[in-house]
Amino acid sequence: MSEGQKFQLGTIGALSLSVVSSVSIVICNKALISTLGFTFATTLTSWHLLVTFCSLHVALWMKMFEHKPFDPRAVMGFGILNGISIGLLNLSLGFNSVGFYQMTKLAIIPCTVLLETLFFRKKFSRKIQFSLTILLLGVGIATVTDLQLNMLGSVLSLLAVITTCVAQIMTNTIQKKFKVSSTQLLYQSCPYQAITLFVTGPFLDGLLTNQNVFAFKYTSQVVFFIVLSCLISVSVNFSTFLVIGKTSPVTYQVLGHLKTCLVLAFGYVLLKDPFNWRNILGIMVAVIGMVVYSYFCSVETQQKASETATQLPQMKESEKDPLIAVENGSGVLSDGGGGVQKTAAPVWNSNKDFQA
């Protein structure tokens, strides 16, 4: 099996794990929050991260992956930023209507595209932009209901979108810059995320629910669903870093909207949630957008791979043959008056010759 085929299988596996684990944890948390009345989402997320870190520590002790320390300031900043983005998303949901919160989540994709275009010079083809538009339209039809605006909620939503986009771009950038795996990055950043939410969680949850998480009555059923939610979260957190590392922040957001549609469908089938023609139409349009996006991404990836494969032999040949190096690199210079021609040393432009 070639390296390309292994990478594709790994990517498909990461995407599948992300979908299954995310849909599972949403159903579990919905039972915990809606049925059992445990509404402390931020505190629950901090417990998720603590359990994830403990699980990874055991995996490290069993030598299932190698610990690879790198820039501690980057790890700390990344972990704290991730924790802040989760807290802001929860606050956005608490101070806005459900419809406006869904619009906030939809805004993450165009914001990510804008940031990557401005700061990383990444180009998105018209086909990719078209498929993203179809996807966002479908998710909007399926999920957005009312749009009640207020100043505080709007500011919190804006901050949530920006921090989430930056955190997800950093996930991809850090893995590639420091050559660390998703597991290594998650293991090192988890404590900072967990501490940030563990400290602020009870305060935020109290602000949103007017209840004290420590005064809640923890029945055996509540404890069971909390433990189950924490165990599933290990897979959710791991798959999140894995997907962003193997693909891109935009692809991860596209996958997130697909999971939203699946949650709506599972909620109707398993939990008998209310469903109407808008939900059905929106899910169908969103799935079409997802399929089109995946197709165009696959085509463009194959084109880039074939271009790279054809460029490498030419570059190696040009390094061996000085005449080719002259033609490709610099040309011929005159000595200024003696009529003798001199060949200049080849000047390579890495941005031009190695551009993917």
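Here, residue 1 is simply the first one shown, and the rest follow in order.
Cβ coordinates are placed from backbone N, Cα and C, and glycine is handled just like the others.
Because TrEMBL annotations are produced automatically, they should be read as predictions rather than curated entries.
Since we're looking at a predicted model, the values are computed, not measured.
For reference, TrEMBL has these:
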type	residues	note
TRANSMEM	12-33	transmembrane segment
DOMAIN	21-294	domain 'Sugar phosphate transporter'
TRANSMEM	45-62	transmembrane segment
TRANSMEM	74-93	transmembrane segment
TRANSMEM	127-145	transmembrane segment
TRANSMEM	151-170	transmembrane segment
TRANSMEM	222-244	transmembrane segment
TRANSMEM	278-296	transmembrane segment
What parts of the chain pack near the transmembrane segment (127-145), using Cβ distances under 8 Å and only residues at least 6 beyond its ends? 97-99, 102-103, 106, 109-110, 113, 250, 254, 257, 260-261, 264, 278-279, 281-290, 292-293, 295-297, 300
With a Cβ cut-off under 8 Å, give me the same-chain residues at least six positions beyond the ends of the transmembrane segment (222-244) that come close to it. 14-15, 17-18, 20-22, 24-25, 28-29, 31-32, 36, 38, 44, 47-49, 51-52, 55, 168, 171-172, 175, 182-183, 185-186, 190, 216, 251-252, 255
Long-range CB partners for the transmembrane segment (45-62) (under 8 A, at least six residues beyond its ends), listed in sequence order, are 86, 90, 183, 186-187, 190-191, 193-194, 197-198, 201, 226, 229-231, 233-234, 236-238
Folded-back contacts onto the transmembrane segment (12-33), same chain, C-beta under 8 angstroms, at least six residues removed: 39, 41, 44, 222, 225-226, 228-229, 232-233, 235-236, 238-240, 242-243, 246-247, 252, 255-256, 258-259, 262-263, 266-267, 270-271
Average the pLDDT scores across the domain 'Sugar phosphate transporter' (21-294) and report the rounded value. 84
